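Asker: A single structure is presented below for examination.
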């Protein structure tokens, strides 16, 4: 074909696309906040141009965590403390406890059907105090805040589908429809993704130094975020690109003193030294000041940190939150079971990555679907893995409760620093007791 005077639009579009791709791959910039320089057309951070240090054979991935004093986590912890207080007296109670915290206010609402007698206001105040909000100087006081209680009972229409022998399916049915995911990989000792695992550890370290007085100017609210460099060919973590840590603090501390202490006493003792390089960037309280925090700084609600609670974005999420829900709610119990399955598959050496999805219909016991993805790392086919899962794991709601011993007051500890990847004795879904049987059955 010859062009006679006018270039066809499709040629122009192809040319523009090629130019865009060339510029897109020439440099891969960090994903972090900066100011736009109109003269150069580039981002600046802290007065410096962002460093072009990411090779084409690498990619970045980021996860975050928040402290127990973050307002959403305050709400989660109150909800799970209410759940535990009820389960301690009535293991078969139905609980959906939601919490809202704001300046001077804590609202308890939801549905609870139980024979237990619980002082909900006392439980809420004790939880808030334990977190560290025990003075009006911090913007939220456990003893001074107003606490409102607005619990109803579970709908009888839902209850008949969950109670054994009452619905169409005589087995204990799922408390709702929905889909849940579980994930495990070999990046860390607890078979969790690197970025979320160490983000949680940073927040636990912040809490430790705050509570034991080594850094007395720390306050309860804090956030951490890690950007990690992966090798595109191997999929392995190469180094840490950026560490962001923001912590609430006493107004008297200088930003320089705070930054130095956070890097030397929180970050470096936690992160693997071989992953920190001369190119690693540290962004500590990037706004320069973080005095107002917690429920005074932001309204907190139960269930708003579902990615922090799970895999930091490294795996999908079905959308259902965990805290405040008794184990008849498959949003929680089935997600725990999925983690249990995925972790045992990886621990058995059947894959280095494993993601499982299950789904349920309200009132029906058997899952409506089970799917597995090992991202090309599986030693056997995914169809065979699904068959092994059906053979070795009972994923009906009652089966999950029995398999993981979930009718216990064990949930308060899970409400901060992640539900997965923690070696707590109560966290039965973190056991790898099925790994040997799976490996033997797989014949590898």
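Note that Cβ sites are derived from N, Cα and C of the backbone, with glycine treated the same way.
According to TrEMBL, the protein carries these features:
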BINDING   70, 221, 222, 223, 289, 290, 298, 304, 305, 321, 325  ATP binding site
BINDING   72  Mg(2+) binding site
BINDING   98  K(+) binding site
BINDING   111, 154, 298, 329  L-methionine binding site
DOMAIN    59-156  domain 'S-adenosylmethionine synthetase N-terminal'
DOMAIN    172-290  domain 'S-adenosylmethionine synthetase central'
DOMAIN    292-431  domain 'S-adenosylmethionine synthetase C-terminal'
REGION    154-164  region 'Flexible loop'
Asker: Among the binding-site residues 325, 329, whose Cβ has the fewest other Cβ atoms within 10 Å?
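Answerer: The binding-site residues 325, 329 were compared, and 329 has the fewest Cβ atoms within 10 Å.
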Asker: Looking at ATP and its recorded binding residues 70, 221, 222, 223, 289, 290, 298, 304, 305, 321, 325, figure out the farthest C-alpha pair and report it in angstrom, whole number.
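Answerer: Max Cα-Cα spread across the ATP binders: 36 Å.
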Asker: Reported in the order helix, strand, coil, what are the DSSP residue counts of the domain 'S-adenosylmethionine synthetase central' (172-290)?
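Answerer: For the domain 'S-adenosylmethionine synthetase central' (172-290), the helix, strand and coil counts are 37 helix, 40 strand, 42 coil.
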Asker: How many helix, strand and coil residues does the domain 'S-adenosylmethionine synthetase N-terminal' (59-156) contain under DSSP?
Answerer: 35 helix, 37 strand, 26 coil
Asker: Compared by Cα position, which of the binding-site residues 72, 98, 329 is the closest one to residue 222 (ATP binding site)?
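Answerer: Of all the candidates listed, 72 is nearest in space.
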Asker: Among the binding-site residues 70, 289, 305, which residue has the fewest other Cβ atoms within 10 Å of its own Cβ?
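Answerer: Ranked by other Cβ atoms within 10 Å, the binding-site residues 70, 289, 305 bottom out at 289.
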Asker: Kindly report the helix/strand/coil residue split of the domain 'S-adenosylmethionine synthetase C-terminal' (292-431) according to DSSP, in that order.
Answerer: 52 helix, 17 strand, 71 coil
Asker: Are there any residues at least 6 positions away along the chain from residue 298 (ATP binding site) with a Cβ closer than 8 Å to its Cβ? List them or say none.
Answerer: 71, 72
Asker: Measuring Cα to Cα, how many angstrom lie between residue 70 (ATP binding site) and residue 98 (K(+) binding site)?
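Answerer: That separation, Cα to Cα, works out to 16 Å.
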Asker: When the Cα-Cα distance from residue 289 (ATP binding site) is computed for each of the binding-site residues 98, 111, 154, 329, which gives the smallest value?
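Answerer: Going through 98, 111, 154, 329 one by one, the Cα closest to that of residue 289 (ATP binding site) is 98.
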Asker: Can you tell me which binding-site residues out of 154, 305, 325, 329 are within 10 A of residue 98 (K(+) binding site) by Cα, answering none if there aren't any?
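Answerer: So the list reads 325.
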Asker: Just to verify: the residue among 72, 98, 111 with the fewest other Cβ atoms within 10 Å, which of the binding-site residues is it?
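Answerer: With the binding-site residues 72, 98, 111, fewest surrounding Cβ atoms within 10 Å: 111.
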Asker: As a test of reading the model: what is the averaged pLDDT for the domain 'S-adenosylmethionine synthetase C-terminal' (292-431)?
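Answerer: Summarising the domain 'S-adenosylmethionine synthetase C-terminal' (292-431) by its mean pLDDT gives 97.
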Asker: Measuring Cα to Cα, how many angstrom lie between residue 325 (ATP binding site) and residue 111 (L-methionine binding site)?
Answerer: 10
Asker: Where's the emptiest Cβ shell within 10 Å among the binding-site residues 154, 222?
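Answerer: 154, out of the binding-site residues 154, 222, has the fewest neighbouring Cβ atoms within 10 Å.
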